[in-house]
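To start, the structure under review is shown below, and the notes come after it.
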Amino acid sequence: MKRVFLFLITNLAVILVLSFSARLLGVDRFLTSNGLDLGMLLAFAALIGFGGSFISLLMSKTMAKWSTGARVILRASNEDESWLLNTVRQLSKKADLAMPEVAIYEGAPNAFATGPSRSKSLVAVSSGLLRSMDRKQVEAVLAHEVAHIQNGDMVTLTLIQGVVNTFVIFLARVFAYALDSFLRRDEDESGSPGIGYWISSIAFEIVFGILASIVVMYFSRKREFRADAGAAALIGDRRPMIEALRALGSIDAGKLPKEMAASGIAGGGMMALFSSHPPLESRIAALESAR
């Protein structure tokens with residue numbers, strides 16, 4: 001969940017900055033100078049949407065380290081760190097990947113993988129995960145994260161987010177223009193849009209962005225099943241991954257970070273639509289039924 005959450009937050013921030021910069025440069029004024037030019041607007045939305053998404057991807061590893069306080073293991077200082085490095089190295093070799101950076105951060109049981117490409121990636125595990133699981137289970141979690149890198153999930157997420165961003169920016173400005181035109185219906189509409197357009201376009205971007213995250217989260221849940229299967233393939237046995245998921249499910253939900261509710265520990269109903277992970281029971285069932 002952490003890698004997806006960080007990506008979405010970074011993406012939203014970048015999009016808002018790019019959109020605001022475009023306003024300062026007069027792009028919106030140009031698009032609406034003779035009525036709303038939908039063709040030009042779509043091109044502008046795609047440029048900002050995909051640009052923001054790829055900027056977020058390039059920043060993903062740096063943001064992850066900064067937000068978690070993760071410490072990259074450059075040289076093992078104890079037996080646990082040595083085991084972590086060797087395990088990730090072996091799994092990466094099996095996955096035909098370059099050795100990713102390996103980091104540890106303080107926190108409740110969790111792990112994530114991120115990075116702009118398969119050759120420039122990061123695998124991070126929390127101290128809580130290392131304390132609460134045995135090594136076979138931790139190896140399965142590491143294999144799951146390596147499988148995310150092998151499957152190119154961050155790049156896939158970036159492309160999906162780029163498409164979503166494009167429609168969010170496009171629709172936000174269409175709705176904002178319509179609202180501004182309605183508010184100014186008794187005035188001279190030959191000039192540039194009024195203050196209603198500037199305020200409402202930002203508001204619509206935020207609201208549509210939150211709603212559009214449902215689409216991104218849906219694809220994220222699908223990729224989790226693939227990463228589970230990939231972990232089983234890398235280890236050569238699905239049982240360690242199943243045991244790791246069961247161990248995660250047995251941990252007191254109160255001891256988990258809030259984002260781990262998305263892994264199926266807690267939550268449901270409408271909130272499940274905003275979850276980046278399927279329920280643990282569904283993931284275990286998928287592994288057990290795999291052949």
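For all residues, glycine too, the Cβ spot is worked out from N, Cα and C.
Features of the protein shown, as given by Swiss-Prot:
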- 4-24: transmembrane segment (TRANSMEM)
- 38-58: transmembrane segment (TRANSMEM)
- His144, His148, Glu224: Zn(2+) binding site (BINDING)
- Glu145: active site (ACT_SITE)
- 159-179: transmembrane segment (TRANSMEM)
- 199-219: transmembrane segment (TRANSMEM)
Cβ neighbour count within 10 Å of His148 (Zn(2+) binding site): 26
Counting across all protein chains present, how many other Cβ atoms fall within 10 Å of the Cβ of Glu145 (active site)? 26
List the residues of the same chain that sit at least 6 positions away from Glu224 (Zn(2+) binding site) in sequence and have their Cβ under 8 Å from its Cβ, in sequence order, or write 'none'. Ser276, His277, Pro278, Arg283
So which other residues, same chain and not among His144, His148, Glu224, have a Cβ within 8 Å of the centroid of the Cβ atoms at the Zn(2+) site? Ala113, Glu145, Ala147, Asp153, Arg223, Arg226, Ala227, Asp228, Gly230, Ala231
